[in-house]
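J.: This is the structure, below, for whatever I ask next.
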Amino acid sequence: MAVKVGINGFGRIGRNVFRAALNNPEVEVVAVNDLTDANMLAHLLQYDSVHGKLDAEVSVDGNNLVVNGKTIEVSAERDPAKLSWGKQGVEIVVESTGFFTKRADAAKHLEAGAKKVIISAPANEEDITIVMGVNEDKYDAANHDVISNASCTTNCLAPFAKVLNDKFGIKRGMMTTVHSYTNDQQILDLPHKDYRRARAAAENIIPTSTGAAKAVSLVLPELKGKLNGGAMRVPTPNVSLVDLVAELNQEVTAEEVNAALKEAAEGDLKGILGYSEEPLVSGDYNGNKNSSTIDALSTMVMEGSMVKVISWYDNESGYSNRVVDLAAYIAKKGL
């Protein structure tokens, strides 16, 4: 039986989680909470400028969504503790508003009747941060109720950093994410707490910060203090890449690095880590469900132990598919 999921926040990630769940028989979205009315939610679910029209029948019945004949209850409650997850049969809540990333705030969903909460972002004081393919085996149903799915960038970096570290050992590394713009930026110049993110997103390359590299240590403790980096926000609406330059503990060739990454992509990390030897560009990865896809043509080695690896990720679709995978995994291991 599919685990019943509620989504709090029906924005870019919330709607993409819904889309991903439609293709996963182990997960069923039964309720959505968002401060927008059902007609607008239905419209934005059905028509997407990045991912295209949803291949499903979408309509509205009163205040609820109806997708492929199934009713999804819609509410518009600001306080998570006042939601009706228990009455609605919701077992896992996907917290995707971007506002409730502290454990104490996200835990209000538990007060409302949910059994577990997945925060679709880096969190504060969460019970555990999980990156699928890297550390999901650490999940403990008895002690982990509020779980962070980390960031889309950490989901891209961690799987191939794990391969490099397991195979060759990482001494230190610096990463840059070349990241599509998001709703945390301005379309035209407007005030923002980050002076650079205040500038027009579709007109500029914007240097900014990311905690993704340091956050890798949350799922790979052996890399604590060994990775750091930053971000460049670029004028594309979706698909990003991670550029990692790392010093390894042993000398390697580019061929050896690619061989290790390809082996992992075809083995233990299949469906999480992809591997491509084609000369592709960002648009080719729109809709890609992997967390990370190695651009093998870009792998470089200098002086034996310094390696450069580039990996692509659909920062919306790939990440949202991992949220759904995590929900299914939690349901299997115990609520």
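Using N, Cα and C of the backbone, Cβ positions are placed for all residues, glycine too.
Sharing the feature lines straight out of Swiss-Prot:
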- Cys152: active site, nucleophile (ACT_SITE)
- Arg12, Ile13, Asp34, Arg78, Ser120, Asn183, Asn315: NAD(+) binding site (BINDING)
- Ser151, Cys152, Thr153, Thr182, Arg197, Thr210, Gly211, Arg233: D-glyceraldehyde 3-phosphate binding site (BINDING)
- His179: site 'Activates thiol group during catalysis' (SITE)
J.: Sequence gap of 6 or more, C-beta under 8 Å: which same-chain residues meet both conditions with respect to Asp34 (NAD(+) binding site)?
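T.: Asn8, Gly9, Phe10, Gly11, Gly14, Leu41, Val74, Ala76 - these are the non-local Cβ neighbours of Asp34 (NAD(+) binding site), listed in sequence order.
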J.: Just counting, how many other CB atoms are there within 10 A of the CB of Arg12 (NAD(+) binding site)?
T.: 23
J.: I'd like to know which of these binding-site residues, Ser120, Thr153, Thr182, Asn183, is least surrounded, judged by other CB atoms within 10 A.
T.: Asn183
J.: Tell me, how many other CB atoms lie within 10 A of the CB of Arg233 (D-glyceraldehyde 3-phosphate binding site), whichever protein chain they belong to?
T.: 25
J.: For NAD(+), with binders Arg12, Ile13, Asp34, Arg78, Ser120, Asn183, Asn315, what's the maximum Cα separation in whole Å?
T.: 27
J.: I'm trying to understand the geometry here, so how far is the Cα atom of Ile13 (NAD(+) binding site) from the Cα atom of Thr153 (D-glyceraldehyde 3-phosphate binding site), in Å to the nearest whole number?
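T.: Cα-Cα, rounded: 14 Å.
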J.: Taking the Cβ of Ile13 (NAD(+) binding site) as the centre, how many other Cβ atoms fall within a 10 Å radius?
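T.: If we count other Cβ atoms within 10 Å of Ile13 (NAD(+) binding site), we arrive at 26.
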J.: Among the recorded positions Arg78, His179, Arg197, which residue has its Cβ surrounded by the fewest other Cβ atoms within 10 Å?
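T.: Among the recorded positions Arg78, His179, Arg197, the sparsest Cβ neighbourhood within 10 Å belongs to Arg78.
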J.: Under a three-state reduction of DSSP output, how is Arg197 (D-glyceraldehyde 3-phosphate binding site) classified: helix, strand, or coil?
T.: coil
